[in-house]
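Feature annotation from TrEMBL assigns NADP(+) binding site to Gly177, Cys178, Ser179, Ile202, Ile243. For 17-132, the entry in TrEMBL reads domain 'Tetrahydrofolate dehydrogenase/cyclohydrolase catalytic'. If you look up TrEMBL, you'll see 151-297 marked as domain 'Tetrahydrofolate dehydrogenase/cyclohydrolase NAD(P)-binding'.
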Amino acid sequence: MNSTSSPLTSDHQAILINGKAHAATLRHRIREDVLAFHDRHGVTPGLAVILVGNDPASEVYVRNKAIQTHHAGMRSFMHMLPETTSETELLDLIERLNNDAAIHGILVQLPLPAGIDARRVTNAIQPEKDVDGLGEVNAGRLAMNLPGIVPCTPLGCLLLLRDQLGDMKGQHAVVIGCSNLVGKPLAMLLLAEGCTVSIAHIHTRDTAALARQADILVVATGCRELVRGDWIKPGATIIDVGITRAQTPDGKTRLVGDVAFDEAVQVAGRITPVPGGVGPMTIACLLENTLTAARMQVGETPS
Ligand SMILES: NC(=O)C1=CN([C@@H]2O[C@H](COP(=O)(O)OP(=O)(O)OC[C@H]3O[C@@H](n4cnc5c(N)ncnc54)[C@H](OP(=O)(O)O)[C@@H]3O)[C@@H](O)[C@H]2O)C=CC1
Ligand SMILES: Nc1nc(=O)c2c([nH]1)NC[C@@H]1CN(c3ccc(C(=O)N[C@@H](CCC(=O)O)C(=O)O)cc3)C=[N+]21
Ligand SMILES: [Mg+2]
């Protein structure tokens, strides 16, 4: 490990955690499981994705989901609704999908346009079809350590950490950001894994000092390059969830994480890149959750 007083000037290089490759392996295994599931039950898992409004980045992203759903041997149903969609119309669609036997998973892309109550919408999804795990039933099950559907991004982070570190008991995990979508459920998963978990948020007094104590540092704030090299304990494992689209001087866009990667890579033991880290794992875990949901709906106990 780094023993110099100025780790940033050393030639240490963290191991890159290849989320893209890990996700590809996962998707391959899911495809085989989907085929075996079809052989057992004659059922093809179906995923419905709802996008309200026309944010170009979200459109690209939900199309990617649809393509990968097909590649995994599942059915994909896209619902692109106009920005002017009312909450009632959205709730009516969810009710129809809840009652549709061809649909095993329902995902509503967030954020929703102003005026639509996201909590009412996510709670309207039948818990067995809530493949994002965002409804109160699945969130409660996670908090109580009961079997349920775990949100895709936190699940993806956990799988990467297990693969890299194995047993995490007793490790100090610091999670920066505590949204219902990422930070909070991930903190629950790490707690269940046996970590000592600290959660930092906008009111935390000295986030840098807390981060420096982390064996495992997860950052999900949407604050680009918040975490600098000197926030990191030498050798720590860094999971960078954040994705911000930034302009380059030549007018192109590139994706930037919540961690100053060039600095972090000189101090950390292992780190996820952006892109190619957590993002692809999120989509693979959505496919996994859709298969899990289909299993529950045909009466197979989840493994
Ligand atoms: N790779 C992937 O698959 C995914 C990536 N993302 C990305 O992850 C990031 C976070 O997403 P999401 O959780 O939905 O975002 P939210 O905006 O919902 O939540 C951000 C959280 O970070 C906290 N926060 C913001 N700034 C700071 C700061 N300077 N110091 C400490 N805490 C801070 C907020 O605190 P408070 O609540 O107190 O304001 C909040 O808890 C985004 O960049 C998003 O694009 C999201 C989902 C999937
Ligand atoms: N209900 C809901 N569930 C979500 O899980 C959800 C959501 N709403 N709203 C938006 C965020 C964002 N999110 C991403 C998932 C994958 C990539 C991804 O695959 N990223 C690639 C790069 C993709 C690119 O090049 O644009 C990567 O990081 O390598 C990114 C972002 C899920 N989200
Ligand atoms: Mg959010």
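Each Cβ is built from the backbone N, Cα and C atoms, and glycine gets one as well.
In this structure, Ser179 are the binding-site residues from Gly177, Cys178, Ser179, Ile202, Ile243 whose C-beta falls under 6 Å of some atom of ligand 3. Largest Cα to Cα distance within the recorded NADP(+) binders Gly177, Cys178, Ser179, Ile202, Ile243: about 18 Å as a whole number.
For Ile202 (NADP(+) binding site), other Cβ atoms within 10 Å of its Cβ number 9. DSSP labels the residues of the domain 'Tetrahydrofolate dehydrogenase/cyclohydrolase catalytic' (17-132) in these numbers: 61 helix, 19 strand, 36 coil.
Around Ser179 (NADP(+) binding site), taking its Cβ as the centre, 17 other Cβ atoms fall within 10 Å, counting all chains. Across the domain 'Tetrahydrofolate dehydrogenase/cyclohydrolase NAD(P)-binding' (151-297), DSSP classifies residues as 56 helix, 30 strand, 61 coil. Around Cys178 (NADP(+) binding site), the C-beta neighbours below 8 angstroms that are at least 6 residues distant in the chain are Lys184, Ala187, Ile199, Ala200, His201.
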